[in-house]
């Protein structure tokens, strides 16, 4: 049962609502399952990795908008059943919007905050799309309805403001002049509190005017995001409606502010300690949300009686402006939007926790009165007192008459002041009406041109900002680019846009696009350098990331719906052209794409435009740094052969110095925002004092330069040396292919596994075991030998580099490294490490038979420190032998527990007794077997004893040959797994690929069959010789 809207005004605590949206396309493609459930106003979220781990939250309002709805012919989303649980836009407004409106009409300040991760439905709830109007437009409609319905009792004045906060800068979205460098300033007054100096407030007398102003603000926001190279999902949008109500009969004026706040995306950067950046995170890009969280936490602590010394309102622009909404003079509602998909579990849980803290906040709202109205009351009170005095002191008529004259003069001055205020309001309203009429004429002109000419339509990452800008292509030839002086030019701005970027030609009802030399133009995912004819709904990317959809002539349009060509669609096309798409990623051939691969794919297309922008900024600032996306662990596996978790990283290369860094996604995103700061500062300085290009950026100290990092070792690739032969004490010599993260061959590594004795001498063939279990409880020694690395691609690219090999084995938690070798493409390593297990366990045997030692190839650069082996937790003998499988029962039992220590000692005694009993039984069994053999075979006993070791040696040699042949079989299998057709293969190319694949399969089959047949023949020959020599084992 939802609380009634009227209940909202009876309490002063922050009201919190949570809304669960439907799955989006990305989540449906990933096969996501719903992990959120709702009963009344309680929401429960389940950990997809641990179904028993559930968290429940209770809020003032809870809205289930995930399922149970359909879209009618008008495009409106309505419940499937009249009494269904689906909460549409009207339901949300009735609970939240009506209460906010009622508060404002009573004279209270009211605030609505929308919080949640990017894409969780904040903008849909606040603004809405198409016929599904959100809280803001519905609130404006109802506000002006209420004003029209109460015209006889009060006079109302409404002012509208719209601003954006990005990177701690305030941008006026209604400003008609040029944008102020550094944004508008925040001021503070005792009466007003914090306010934005110079923010334009526009008087309105209809909901249509407000809607038009919102469209104007959205257009400005879109243009500003393009010019500033900003991401709208990282910015906050604030709409302020100032309502002033003048009650003539009661001589009362009520004044209230309605703050409607669409907060930036709340998703967290998943950064661990290894991803820590030497530079602070994204300048101020996340400061506002972080500070808002701190303010909410502090106010929540205050509400439960905890002592809080400081509430950090002043730490960010957003919290300064929201001070009255959080703990101050306002009645506040927060709507927290979340995705129910399992892949968004962490973000959704974080949103619910945030909202739970917010509902504890207590505000102190009061009805607002202006100083002018208080003066009127004071003058009336003074007048009443003077009249009383006049009646008592009639004899002092002259004095009373003087006081009455003074009072009348004060009242006259006050009436003049009120009349001046009223006149000023009417003047502002007339100016706003003239602006509105001009904008209405522009809209009418734009709609008329849409029916006459083709045009390009902007597509933004924020769907709310898509389709706002329309650039018309009239007949003739039109230059598009930075140039705006030519009468036949289409002016656009953005990273990578040239003065004259390309030419549109509209001739004979055909539109062509011709790029200028050096300009980046992409059509439908493919880069073009020659003239291309455009078709209706073609996708264009100009410069680094200015995305447009081409809308053809009216006769070509039909009933096409362009909304399916969203921002992700554009980037997916570009990714497919680069060979990255979901069809390639699904190697199993099943219809359901692996969710982990899908997450990597969407990370890739999300970072692609950011990488293009970073490259453009590097070029314009003369940094000489190149950025490239890579998929980490695409072709790599762990010691068991299982695929490693894949993620997106950015390879950063200093072209001149040949230095390379690998940045995580979180680190790159952080650096990208820092680069924007440097770039914008450079642009501002260039406008003020034009100098040599790149001179300003070069003056930045290196330790503060987001394009630079100290060099460090890089993981170039890995190779697997399988350990199965050690379980049989068979030596192994391999030439291993070192594969890079994306499957490229980085080098060839020659390595050996040599079973040996305790002094390091290799074992002979007579020491080969048939059954690995014979090693249980015995000592096992072996050496890992790394002989040489050949064909190092890392060194070929730059001779001032070096390499090291790193590896860890079984329970050695710390990796060991070879000495560094420099400046050599084919370095001789000659590195030998001796390992020993004193008491071989079943766990070690299982490890040897199922695992490989992963040999990591690390690249060193001039100026970086060599990787050193950490021997703190490694047990070694005085001869330098590394001890593995060193399980000490007493240490595991816990030395601080006397009961466990006693139990361990008792178990050890029992084990020793059992060992002695077992030894005596084996000795007795051996004696009985000797007596039995003597009785059966007489003098042939010695011959039988000599035969068995001989047969064992023959069998061991056969096994050794088999394991060596299986090594090449395994390598052939790896080649088959990596063999794929190229993305741009035509029919002939696919036929060649099929032929090559058939040949590889045939070779693999022949090698496998030869190995197995050879083993069968060797075993048959051994058995035959045994039977020929003796009938004992027949």
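Even glycines carry a Cβ here, placed using N, Cα and C.
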Among ranges 834-868, 869-903, 904-938, whichever one TrEMBL labels coiled coil: 904-938
Residue, out of the binding-site residues 116, 119, 121, whose Cβ gathers the largest set of other Cβ atoms within 10 Å: 116
Candidate with the highest Cβ count within 10 Å, taken from the binding-site residues 117, 118, 120: 120
PLDDT averaged over the residues of the domain 'Kinesin motor' (13-361): 84
